[in-house]
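Enquirer: Take a look at this one; I'll ask things after.
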């Protein structure tokens, strides 16, 4: 076959396969058999392999999955992906309607209602009609680049029907039938199953190997247009129509409503129809349809005033409580958990539910053998709502919390003003394991690839008992563990080695000193600069630091007044773990050349590691100016957790937005 004929045939096959994909995954109306589709795909793959010069990034063949990735790169969203306020009942919906009408002084409001897909929110970027990048929502400001995995989802067009530049947003999800099939395969292979379709979708999207994502049969509904060049669309409903014309899959069950009564009827209708869908929904999204009215209403500190998410009531089911098991946390708190006869709740099989503490068991008179009502709080965490007393036979057993720790048999205590029972034995194995999980977590030592499962493996193999033991681990030890190969073992050893260079505040937070969170750890690290200086500090010296109270000061002094802790710190030194503050102190910032010099910065939301007042001082010390509102003269918005209206203003004025992690990176350069 000549090059010219091969090129022509490749183009024909691409057009044909794109049409087949659109008919099957968007229109849900396939025109060919699976066998015919596969024959055409195999022919295309063969021709592209023989003629690599004709390969294209938007070829249907890329949907089978490409090169394995080492890591997901971070992506800053051009406009923040905001969350919505919630409504839980008819009264909340009527309050929303009243606020909308008061806000625009106009009785002629039209709403658009859409099913709230329970999946993973993603953004899709197209340049001149070609799909160039996809990202997760992340924290709303920064997500992860998952382009290669999204290319495997056949409901996402790789090339649009127009050469338009835009950003679309939607929800990637796993159909129920695909979820059932996937879990059956995992059970057959002896692997852990996914709890629900949402977790399965999220886990599939974040696979480093796109070929795995390609096998998971994910789909996607696009629900919004974030940015589009050279085009003004007057309503949300028209933007969805436009997205459909471009080749996107939009949910066909949306409806425009002229009154709040029609909205409520739509909500009630889909609450009944919900179980019959082949995908999970957890509510209804209601938006003011007119874009001009949306802009007029604006946003609050947390969410748009023109939209709300109605959350379906948590599904409640009855099952039998067969036992109560106990778990011990890293601080020694002993938490009771109900063991249940397996029951399906909100799409997943539930075998356990939280009982919180002994007082709740007494208050609800929960006994072993009782029939109980179980629901998922927010459709996520199972909990026991109440006992069905009419079903009691008299054979149920009252439960009494133990007097000794289930993990180490030390006597349990109840501290003053606490409802929880605690184990105060510092050598309790359950506390040590949970403490190790905290030590390696993201805000602490941030050791990549070392989570709860691996910590448990290492602990059960008796490889680790203290934080310092992590730094003596070898590749040979890791290779003895299940699911570890040469590459993963090498990567983990290197990640542990890299963590030795962390600044002091991460180590302090990782130690899990009672009352000392990430922010306080940073305050101590900056003030004392070295671990040795902090260890020697008196309670009075600690209390003299701004925002450090008596309880925290006493806790820190008591922690370091312990021979085992001092021995641990000595081991850290021997392994080469850094125990000095690597950040910049405010007093040292005056002569530093900085990005912030001459910049106007707005801080919004909750900053976890560094409080806003401290961040303000540092920016100002570096020559920047911190203001309380976003305008055209703003250079940067730093957004923490639960940031709201200022993000929308940043989008309006095209101002750059950073999350806290990016801010700290720049600050510590």
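Any Cβ shown, glycine's included, is placed from N, Cα and C.
Take a look at what Swiss-Prot says about it:
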type: BINDING; residues: 34, 35, 36, 37, 38, 83, 84, 114, 137, 171, 287, 311; note: NAD(+) binding site
type: ACT_SITE; residues: 116; note: active site, N6-AMP-lysine intermediate
type: BINDING; residues: 405, 408, 423, 428; note: Zn(2+) binding site
type: DOMAIN; residues: 591-669; note: domain 'BRCT'
Enquirer: Can you tell me how the residues of the domain 'BRCT' (591-669) break down into helix, strand and coil by DSSP?
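Expert: Split into helix, strand and coil, the domain 'BRCT' (591-669) gives 26 helix, 18 strand, 35 coil.
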Enquirer: What average pLDDT is reported by the model for the domain 'BRCT' (591-669)?
Expert: 82
Enquirer: Rounded to an integer, what is the Cα-Cα distance in Å between residue 116 (active site, N6-AMP-lysine intermediate) and residue 38 (NAD(+) binding site)?
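Expert: So the Cα of residue 38 (NAD(+) binding site) lies 33 Å away from that of residue 116 (active site, N6-AMP-lysine intermediate).
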Enquirer: Under a three-state reading of DSSP, tell me whether residue 36 (NAD(+) binding site) is helix, strand or coil.
Expert: helix
Enquirer: Please name which of the binding-site residues listed here, 36, 137, 287, is nearest in space to residue 428 (Zn(2+) binding site), Cα against Cα.
Expert: 137
Enquirer: Determine, for the Zn(2+) site, the additional residues of the same chain whose CB lies within 8 Å of the mean position of the CB atoms of 405, 408, 423, 428; present them in sequence order.
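Expert: So the extra residues in range turn out to be 328, 332, 404, 406, 407, 409, 410, 412, 425, 429, 430, 431.
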Enquirer: Which entry in the list of binding-site residues, 408, 423, 428, has its Cβ near the fewest other Cβ atoms, using 10 Å as the limit?
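Expert: Taking 408, 423, 428 as the binding-site residues, the minimal 10 Å Cβ count falls on 408.
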Enquirer: Per 10 Å Cβ neighbour count, which of the binding-site residues 84, 405 ranks highest?
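Expert: By the 10 Å Cβ neighbour count, 405 comes out on top.
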Enquirer: Report, in whole Å, the straight Cα-to-Cα distance of residue 408 (Zn(2+) binding site) from residue 38 (NAD(+) binding site).
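Expert: Each residue's Cα considered, residue 38 (NAD(+) binding site) and residue 408 (Zn(2+) binding site) end up 59 Å apart.
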Enquirer: I'm trying to understand the geometry here, so how far is the Cα atom of residue 405 (Zn(2+) binding site) from the Cα atom of residue 84 (NAD(+) binding site), in Å to the nearest whole number?
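Expert: If we compare the Cα positions of residue 405 (Zn(2+) binding site) and residue 84 (NAD(+) binding site), the gap is 43 Å.
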Enquirer: Measuring Cα to Cα, how many Å separate residue 137 (NAD(+) binding site) from residue 423 (Zn(2+) binding site)?
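Expert: With distance taken Cα to Cα, residue 423 (Zn(2+) binding site) is 39 Å from residue 137 (NAD(+) binding site).
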Enquirer: Applying a 10 Å Cβ distance cut-off over all chains shown, what neighbour count does residue 38 (NAD(+) binding site) have?
Expert: 11
Enquirer: In whole Å, how far is residue 423 (Zn(2+) binding site) from residue 36 (NAD(+) binding site) when you measure between their Cα atoms?
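Expert: Approximately 65 Å lies between the Cα of residue 36 (NAD(+) binding site) and that of residue 423 (Zn(2+) binding site).
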Enquirer: Hey, how far is residue 423 (Zn(2+) binding site) from residue 287 (NAD(+) binding site), Cα to Cα, in Å?
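Expert: Between the alpha carbons of residue 423 (Zn(2+) binding site) and residue 287 (NAD(+) binding site) there are 50 Å.
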Enquirer: Sorry to bug you, but what's the C-alpha spacing from residue 408 (Zn(2+) binding site) to residue 84 (NAD(+) binding site), rounded to the closest Å?
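Expert: A Cα-Cα distance of 45 Å.
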